[in-house]
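Marked as compositional bias 'Low complexity' by TrEMBL: 10-19. What TrEMBL lists as compositional bias 'Acidic residues' is 20-34. The compositional bias 'Basic and acidic residues' annotation in TrEMBL covers 184-193. Look at TrEMBL and you will find 135-201 tagged as domain 'R3H'. What TrEMBL records for 1-47, 182-201 is region 'Disordered'.
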Amino acid sequence: MSAPQQHPIDSAPALPDADAASDDALVEPADLETDGAGAAPASTGPRGEALLVQEGDVAGDYLERLLDILDVDGDIDLDVEGDRASVAIVGGRLNDLIGPDGATLEALQELTRLAVAQSTGVRSRLMLDVGGFRAKRRTDLTGLAGETARRVAESGQPERLSPMNPFERKVVHDVIAGVTGVHSESEGEEPNRRVVVLPDA
């Protein structure tokens, strides 16, 4: 098999997720990739949903206090998406909470998860977005993954993408999983872990 081509993206990797495994040097199939939260998903039953709502409430209180300390104007939206709590800070000037290529956002998400876990006693898989950054990044990565999959399917040659954080890799894996004739794997160690898109045998 030819050496994978490297296809750059416009974003530098964000901070490594605190839950990333220590043996990430191994190539990992896409179905084992997570967005960095190592705990098992919360149950989707009533008890699990109640925990996710509680996580959102705790996160909202924590972030409201943080915004007050930083003297930043912003509204906090709480939701439950699938098996995780989803929290978004929306408003005006939020760039300082996002940071270069989302690095500050990643760190803020980890701090929020830790605050939630300290309150609930359960490791949190909460997802935080600020100013729509993560939503836009998902859209950009969806386009990148689709275009890469098309090239790999046509050429039969694998391509290696630039390093991404766990959230970004999962977005790419999810897109590739829906494309016939190709599949994806993760390889390398954080923060240089990346997705490789390969043609099916």
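Backbone N, Cα and C define each Cβ position, glycine as well.
From a predicted model like this one, the values you see are computed outputs, not experimental measurements.
Remark: secondary structure over the compositional bias 'Basic and acidic residues' (184-193) totals 0 helix, 4 strand, 6 coil, with classes taken from DSSP. For the domain 'R3H' (135-201), the DSSP-based tally of helix, strand and coil residues reads 33 helix, 15 strand, 19 coil.
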